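> Pasting the feature list from TrEMBL:
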ACT_SITE  ASP307  active site, proton acceptor
BINDING   GLY187, ARG251, GLY252, GLY276, ASN277, GLY278, THR279  ATP binding site
BINDING   ASN277  Mg(2+) binding site
BINDING   THR305, ILE306, ASP307, MET350, GLY351, ARG352, GLU406, TYR458, MET459, ILE460, ARG461  substrate binding site
DOMAIN    180-482  domain 'Phosphofructokinase'
SITE      GLY278  site 'Important for substrate specificity'
Amino acid sequence: MESLSPAIGVVVPARVPHFSSLRTLTPLLPIWRPKSNRVRRRIRAHAENTRPPSSAASAAAAAIDYSDPSWKSKFQEEFESRYDIPHLTDVIHDAVPIPSTFCLRMRSPTEDFADGYPSDEKWHGYISNNDRVLLKVIKYSSPTSAGAECIDSDCTWVEQWVHRAGPREKIYFKPEEVKAAIVTCGGLCPGLNDVIRQIVITLEIYGVKKIVGIPFGYRGFADKDLREMPLSRNVVQNAHLSGGSLLGVSRGGPSVSDIVDSMEERGVNMLFVLGGNGTHAGANAIHNECRKRRLRVAVVGVPKTIDNDILLMDKTFGFDTAVEEAQRAINSAYIEAHSAYRGIGIVKLMGRSSGFIAMHASLASGQIDICLIPEVPFNLRGPHGVLSHLKYLLGKKGSAVVCIAEGAGQDFLLETNAQDASGNIVLGDIGVYLQQEIKRYFNEMGTPADVKYIDPTYMIRAVRANASDGILCAVLGQNAVHGAFAGYSGITVGICNTHYVYLPIPEVISYPRVVDPNSRMWHRCLTSTGQPDFV
Ligand SMILES: Nc1ncnc2c1ncn2[C@@H]1O[C@H](COP(=O)(O)OP(=O)(O)O)[C@@H](O)[C@H]1O
Ligand SMILES: O=P(O)(O)OC[C@H]1O[C@](O)(COP(=O)(O)O)[C@@H](O)[C@@H]1O
């Protein structure tokens, strides 16, 4: 088996679809653009791949006055204010905290502590509200370093600290007054049940008795035929043993004000949302509406995207499982291709904007010859196109396997402008297109190829989370509950290998995180044959 040899493409600015519904949300930090053309081209391409063009972004970039000697501290102050987590006391100024009811000794038998329980201080069980985690751990020395995100021409190091997640000593909700609701929206993703389970268990440890699931996503708030599902440890005990969401998922749904009306009617004062960028845009809007109505409510999100395309975090839950499951599809494609006369296998994997699954699965398998991702445009025809590379591969070893992310090569397909119920653009099937084009190419040459196409999307999405994702889900679920009790509304994620933090929703979901096509680190991965012909 030959090593990975990606197809040859052309250098054009990468096209990254962004979430139309999210354009108004806050952009990330400005990225400094140096003067040299070579450097500028690299940085610009990176910037284009890390955020959509937006007037707010230009405004943020323009806002830094480097001639001001105190620009660094101003920058830091601005960062801190953006990354401050909305808190209940922002609205309910006189809210008084009580000692936490979350206790590490909760489930320990009393006879183990004949001399009395160790004190909480001794157990160091709580996180201080002033604890912070460093958001960025690389100090780039030059804007030309791979993946560099520099604030100024010297790549000045500016510490960026975010809120550490975990249980607080003081809480802002009395457990007996809490009614917690959990909702799962968007597409399926391994680990949804694991997160639901952990949220329920942690709520119970705090002493919450009223916990419900909202059926079928946000739709469940408004559809009178759908009843909320009472949840308890007994109900969720084995939930993680199967895939999907025990609550169901959906796209589209009621307006934000209808959702908040429904929350008020139900008496929900803690809302846990599990979903992707769309869901969190909704969660952010729900939080804002609750603030407007001065409701004593915490809205906490746990980002879900199998594609791993959410900003700032190492790994979203479900991604690891997806990469693992994809191995089966890739192996099938390899066996089919390898066993056929002039066989070519195509595997399409999830990734509307980002090629993380396709790349990681390709690298892990060692069976992929060409990996195509949305971040890197490619040619089909011509001397440096995918088709001539396939011809070369068939000639050299008799078979080939292509892995393509669903969002790659969309410019070859007719735009239908079709949208799903949530307003996401419905992508054309690049796998089918590729299969047809490859067949046509080899037929035209009089040397037909046997081209098999596998789309394992729904098989992968529906499996149960693997152990690695299971751990991630458990910690995220716990931290979501700790955040809500602490009075925060935001998102809980793991960053920096893996410290858990709370982040404000808008900073995380403005646009998808993508593979940096300029990073030679990824080039190396993608061109393990050492071919300099990728991109
Ligand atoms: N800008 C928005 N404001 C409010 N709700 C939104 C917004 N965008 C999407 N939603 C809602 O979030 C839910 C999930 O969105 P969707 O895009 O399908 O999945 P995902 O959360 O995985 O991106 C849907 O119910 C949709 O109506
Ligand atoms: O479940 P549906 O509506 O068929 O959507 C399929 C799409 O959902 C996805 O799994 C993405 O889901 P999310 O947008 O919920 O993350 C894509 O990979 C796929 O194209």
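First residue shown is number 1, and so on along the chain.
Heads up, the Cβ atoms here are built off N, Cα and C, so glycines get one too.
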> Calculate the distance in Å between the alpha carbons (Cα) of GLU406 (substrate binding site) and GLY278 (ATP binding site), and round it to a whole number.
19
> Using the recorded ATP site (GLY187, ARG251, GLY252, GLY276, ASN277, GLY278, THR279) as reference, state which further residues of the same chain have their Cβ within 8 Å of the centre of those residues' Cβ atoms, listed in sequence order.
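Here the nearby residues are CYS185, GLY186, GLY275, SER422, ASN424.
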> Between GLY187 (ATP binding site) and ARG461 (substrate binding site), find the distance joining the two CA atoms and give it rounded to the nearest Å.
8
> Between THR305 (substrate binding site) and GLY276 (ATP binding site), how far is it from one CA atom to the other, in Å?
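About 5 Å separate the Cα atoms of these two residues.
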> Can you tell me the CA-to-CA distance separating GLY276 (ATP binding site) and the residue listed as 'active site, proton acceptor', as a whole number of Å?
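Given the Cα positions, GLY276 (ATP binding site) is 10 Å from the residue listed as 'active site, proton acceptor'.
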> On a simple 10 Å Cβ count over all chains shown, which one of the binding-site residues GLY276, GLY351 is most densely packed?
GLY351
> What binding-site residues in the list GLY278, THR279, MET459 lie within 10 angstroms of ASP307 (active site, proton acceptor), counting C-alpha atoms?
none
> Would you identify the secondary structure of GLY278 (ATP binding site) according to DSSP, in three states?
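In three-state terms, GLY278 (ATP binding site) counts as helix.
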> Reported as an integer number of Å, what is the Cα distance between ARG461 (substrate binding site) and ARG251 (ATP binding site)?
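Computed Cα spacing between ARG461 (substrate binding site) and ARG251 (ATP binding site) is 16 Å.
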> Taking only the residues the record lists as binding substrate, namely THR305, ILE306, ASP307, MET350, GLY351, ARG352, GLU406, TYR458, MET459, ILE460, ARG461, what is the largest Cα to Cα distance between any two of them, in Å to the nearest whole number?
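It comes out at 17 Å between the most distant Cα atoms.
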> I need the least crowded one of these binding-site residues (GLY187, GLY252, GLY278), counting other C-beta atoms within 10 angstroms of each C-beta.
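Counting other Cβ atoms within 10 Å of each of the binding-site residues GLY187, GLY252, GLY278, the minimum falls on GLY252.
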> So what sits near THR279 (ATP binding site) in its own chain, CB-to-CB under 8 Å and at least six residues off in sequence?
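Long-range Cβ contacts: CYS185, GLY186, GLY217, TYR218, VAL273, GLY301, LYS304.
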> Quick one: give me the count of other CB atoms within 10 A of the CB of ASN277 (ATP binding site).
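ASN277 (ATP binding site): 27 neighbouring Cβ atoms within 10 Å.
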> Given the recorded positions ARG251, GLY278, ASP307, GLY351, MET459, ARG461, return the subset with CB under 6 A from an atom of ligand 1, ordered by sequence, or none if empty.
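Only ARG251, GLY278 qualify.
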